[in-house]
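Q: Mind having a look at this structure? Questions to follow.
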Amino acid sequence: MTAWIDMGDLLARPVPPIDWLIDGLLPAGAVGDIYGAPGGGKSTLALHLAAHIAAGRRTWFGRRIAGGPVLLIGGERSSADVLVRDLHRTAGTAGITPDELRGRALCAPADLGPLWHWDRREGTWLAGAALAEVQAQAAAVRPALLFFDTIGRVARGQDPIDITQQQQLAERIEALGAATGSTVLSISHTAQSASLDRIDRRLRYEARAGSSGLPGHLRWLLGVTRIQPDEAEQIGVAPHGGRLIAVGVGKGSEMPPAAWTPDAPAILRIGGDGALQLVRDGEEVRADGGIAAMLRGGSGGGAGRRRGADRYAAASQPASGAPAGREYNTPADAMAAIRAGIGGQS
């Protein structure tokens with residue numbers, strides 16, 4: 001029998017540092033899920049991150065990252081041509097070259113098949129032939145990150161509201177992470193009703209579609225939601241020039257409070273060419289009182305709206321060529337000045 005662990009001995013040890021895949025956001029070796037509405041930008045964000053890790057880039061939106069090979073399994077794309085376009089839109093616009101990814105970022109063939117399928121008679125997940133192939137590939141390249149896009153493509157026969165089934169699936173994914181030594185991330189959807197909620201509520205893991213079985217078992221979850229134009233104006237961010245998304249760690253059970261959270265998310269812009277730009281870091285949003293306070297301030301006017309207008313100008317002017325550091329009373333005033341190519345009152 002394995003010996004029991006004396007917690008006094010554990011307490012006598014020095015506190016071990018966290019080994020981060022993304023500093024302040026994602027611990028290395030975590031098994032987690034990225035969730036959001038269809039078309040909300042979660043796959044774009046994941047592919048952008050994967051390309052940076054595989055290319056060995058040192059930072060991702062100003063945060064240190066650990067480099068290493070990446071394996072992509074699944075992918076909600078109708079053909080290889082779509083993946084080519086997506087790579088150009090995410091990795092290409094970030095200046096990542098083919099040579100940086102060659103041999104370090106590998107996508108599973110479209111006919112790989114599911115890693116697991118649900119056996120109704122036995123009431124358990126059974127491994128598919130593809131699981132052994134993924135494990136063999138992982139043993140060969142030792143990936144830093146392995147991600148599924150989406151979880152439904154690697155686990156067939158799911159009943160999202162079956163708590164026991166979803167808990168078992170989480171255990172299977174965790175076992176794969178332990179066997180490969182990789183960080184494993186899946187991609188899933190949020191409930192349709194969640195789209196009606198406020199930004200911070202859309203980012204909480206309770207917004208994820210299905211039961212609490214899988215998200216309740218996993219230790220790390222990240223929410224991604226699209227920011228609507230009226231919400232952008234309320235928080236003082238230009239609603240034009242591409243899609244705006246908010247990103248926050250909805251659950252980080254084995255880490256300090258994340259740098260990006262549902263209450264203080266990062267705000268990113270996905271340009272028309274697919275390029276991702278950090279508009280506001282989560283720590284900036286937190287300094288402004290959090291996203292809910294910014295929304296209330298924006299809808300009610302006053303100091304909150306003025307603060308948002310200042311941020312709006314700072315985020316928008318450099319791209320337009322207007323001088324930075326100007327202040328405007330409202331986002332509308334800022335936009336008018338930007339379009340006219342003139343500065344406001346300093």
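Cβ from N, Cα, C; glycine included.
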Q: Among 202-233, 298-329, where does TrEMBL put the label region 'Disordered'?
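A: That would be 298-329, per the region 'Disordered' entry in TrEMBL.
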Q: Express the predicted model's confidence over the domain 'AAA+ ATPase' (28-209) as a mean pLDDT, rounded to an integer.
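A: Its mean pLDDT is 93.
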